[in-house]
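TrEMBL has this to say about the protein:
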type    : residues                                       : note
DOMAIN  : 164-329                                        : domain 'Helicase ATP-binding'
BINDING : D177, E178, V179, G180, L181, G182, K183, T184 : ATP binding site
MOTIF   : 279-282                                        : motif 'DEAH box'
DOMAIN  : 410-570                                        : domain 'Helicase C-terminal'
COILED  : 818-845                                        : coiled coil
Amino acid sequence: MSEFSLGQRWLSETETSLGLGIITHIDGRQVTVMFPSNGESRIYASHDAPLARLQLSEGQQAKHADDWSFTITDVKEQSGLLIYFGQRLDDQSEVMVPESQLSHQIDINPALTRLVAGNADRHDLYLLRNQASEFYARWQQSPVAGLLGARIGLLPHQLYVSHTVAERYHPRVLLADEVGLGKTIEAGMVMQRRLLTGRNHRVLVIVPESLRNQWLVEMRRRFALTFSVFDEERCQQLSDEGANPFFAEQLIIVSDQFVAAGEWQSQLQQAEFDLLVVDEAHHMQAGTAGYEHTEALCQNISDVLLLTATPEQEGSEGHFQRLRLLDPNRFNSLDDFQQQQSHYRELAEQASQLTGEALDQLLDQHSTGRVMFRNRRKHIGGFPQRHLHSYALPEFMPESGEPWWLEDPRVSWLMDFLKAQKPHKTLLICHSAEQVLDLSEALRVMAGVHAAVFHEGMSLLERDRAAAFFASDEDGSPILLCSEIGSEGRNFQFVQHLVLFDLPENPDLLEQRIGRLDRIGQQGDVHIHVPYLQHSDEALLLDWYHLGMNAFEQCNPVGRQVYEAERDALQRALNSAESLPDDLLQRTRNYHQQLVQETEAGRDKLQELNACRPEAAAQLIQHINNDADADALYDFMESFWDRFGVNTEVLDEHRMFVKPSEHMRVPAIPGLAEDGMTITVDRDTALAFEDIEFLSWDHPHVQAAIELLTTEDFGSVCVARLQNKALPAGAWFLELDYVTEVPRSDNIAAQEFYPQQRLRILLDSQGRDLSDKVPRDALTQQASFLDKKTARQIVRQLRDSAQQFIQQQQPTAEAWLQQRIEQACDQAQQRLSQQKQRLVALKEKNPAVRDDEINAIDARQTAVMQALKQPTLSLFAIRILVNQT
Ligand SMILES: Nc1ncnc2c1ncn2[C@@H]1O[C@H](COP(=O)(O)OP(=O)(O)OP(=O)(O)O)[C@@H](O)[C@H]1O
């Protein structure tokens, strides 16, 4: 080949990954090319070197070796070398760049580079690439992206809360659904949507120590979100070099004790978390170190979710203190707060007359309207019946020196009960860890029963082992003995029998206990067994709860208020009376009834209206069912696995086993376990088999497949055969796909206004534009596979003409890009301004709207407009179709 000159830039046709080479030596029949990417030189025979000359043209972008890019405005040739003239993208200055100074990285337009190098992929890989881009654009625009892949039944109240909260600017809310209705699930959905749409990046979860692992497992199992638990030891290890340990991961769980200890407080505050979740938030009590440290984090982190089923467990002041964590400006006076609460009834009456935006506005004005979401069993329906079984047992006087359990009639009752219960499992909850240990000893010694135990003195691993031992059907324990605090928040809905070995004085604690079984997922009725000694505290409390408030068989949302009103009388009775005094019982009943009526007409009504709007929830469910598009997902992933060397084995109608093979196209694909995994795209199957992967468009493996196909070169150039007798043999077409998108950055979710978009241009061999006349699918239907060798030959024959056509189309693509940008800017301006206006108007009536919510819209508007100025435009895929009849 005589056209070689020193300094020219050539590509290796066989190894485009080497980047752009430079001719360093020409010696008659040989040419030496140096590839700066790895510093290696290759010597080729000049007459058939597998090299392709890189010749860029006007309108294209190129990169200088010093790492800046420019748009080419003119190209000149001098002694066999090309000189590019153009304008730098960063400072707009005019530049002149001899080709020898081009960067060896030629990623600016990989499809074009591959065309120039004469490379082509199989037609099916090209189709898969295009599909990936279409699916990605669709997913980006779905209002339920991030809610598609949760392994959950689609429950309206959860979806409504999650979606509403996830869409807020800097949400700061209290998720306060009744025990076991799915607050953890709601928090997971909020996180998932906000993480996947780029609104949040770094999440810190604070939970009681006993729940750390459950959270870890629940987030992985339900949302495929991988959290890391951080404790003292881990922080020590990671901070060896003085680094902030919390930057080591994006999703972190710590215990409330860890936060209260405060050893790592400053690092936590500097770790740039943008979403904080605090579970069992009723533990946060003002004046404690835990509260103060959490308060400081709340001030530092823009988005906060507090979770508690019993917001008023520590009284209305405690409730107020937690609301202060969310918005100290709004909740600055306890008196005002309490004053507002007394107007619930009038508000509820007004609210029941309203719908739509008027209702929204009114609810927003109700003091906790925007801040708190509380769903109740009563409004959701479909929960199991609860049955109380009480067992009066004779009193006994413990003999001094003997263990109490040798004589306590409740222990022998328990042994008989367990015998009669077989094979059903029983959860027993009592007050303290000591009682748990004593009871375990009693059952071992007196009945030979090996009980699983669960209390705050155990390590997490021990607790998880105990839970697993209890859950096991085969050789598991028939009973799990739990202390009060040790079992909070835990999931035991596979059990139907609960023994309350003693009774707490606080109605919220009773509700928490029953909530271990009475949770979503409970398949049977819940049986609550209370063995009690006559004339004991339990005997009194049993009547107080059952006869006074029906608190065993029904959820008791006002129990806390009754307790506060009667606390002293109850204490006196517990200290001195043998049975519940009639007047106390009567007052309890009356006040309970009065509160139920008042709250139902007032607070509860408002909370119900705020916590779930059935029509909006139904729409979300419909969106999820549509956008999940399980059949399309399955077909797409099957083609992907096939093309990328992943082995598949169909297990049954809904399940498949997938495993990396030895012939993978890439070394590893994120989200695909090394030793394989069973998958399903069917929600019911995923719910029935929790150990298999539920694939959805949100799943990390599917996202990785899409990313691989759309950001790497796979399928970016292909040649296919057309068999159309109406066309002359040898007629050919060039189909170009341009893609534009905004970089995913920061927390502004600019892609909402500018999702990935594509421009298709179809040209015939004369360069005539047939885009509108011949749709893509029509061509694809007629197109068939061409073997690789022929495909490459064709590419080499046609690449010069194709390159020329591509160059001619550049202005069309640029004009389209400008149009897209203008449209997106208009839309963004309009929508964001409307959002701001609405919030400003609302703020005039309702102080619950925070200034930072409004400021966040301004900040987002500025950032979005900035991002919309610089979307990327790239030639995403090139298809050449050649008619061969
Ligand atoms: N939509 C759902 N589909 C399937 N399971 C669910 C769903 N929602 C909740 N669950 C299950 O129900 C149980 C209770 O849910 P979760 O733990 O989120 O409730 P919670 O309100 O946080 O409970 P607690 O008040 O005890 O803290 C869990 O086992 C959870 O996995």
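Placement of Cβ uses the backbone N, Cα and C atoms for every residue, glycine included.
Positions of TrEMBL features highlighted on the structure.
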residue : record           : contacts (Cβ under 8 Å, 6+ apart)
D177    : ATP binding site : H157, V161, K183, E186, A309, F373, R374, N375, R376, A611
E178    : ATP binding site : A309, R374, N375, R376, R377, E511, G515, C555, P557
V179    : ATP binding site : A309, T310, E511, Q512, I514, G515, D518, R519, C555
G180    : ATP binding site : A309, Q493, G515, R516, D518, R519, I520
L181    : ATP binding site : H157, Q158, A309, N375, R376, R377, I380, R519, I520
G182    : ATP binding site : I152, L155, H157, Q158, I520
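Under DSSP, D177 (ATP binding site) is assigned to coil, being neither helix nor strand in the three-state scheme. Taking E178, G182, T184 as the candidate binding-site residues, the subset whose CB lies under 6 angstroms from any atom of ligand 1 consists of G182, T184.
Counting residues of the motif 'DEAH box' (279-282) by DSSP class, helix then strand then coil, yields 2 helix, 0 strand, 2 coil.
Taking the mean position of the Cβ atoms of D177, E178, V179, G180, L181, G182, K183, T184 as the ATP site, the remaining residues of that chain whose Cβ falls within 8 Å of it are A309, N375, G515, R519, I520. Cβ contacts within 10 Å of K183 (ATP binding site), excluding its own Cβ and spanning all protein chains shown: 29.
Around the Cβ of T184 (ATP binding site), a 10 Å sphere holds 22 further Cβ atoms from the protein chains shown.
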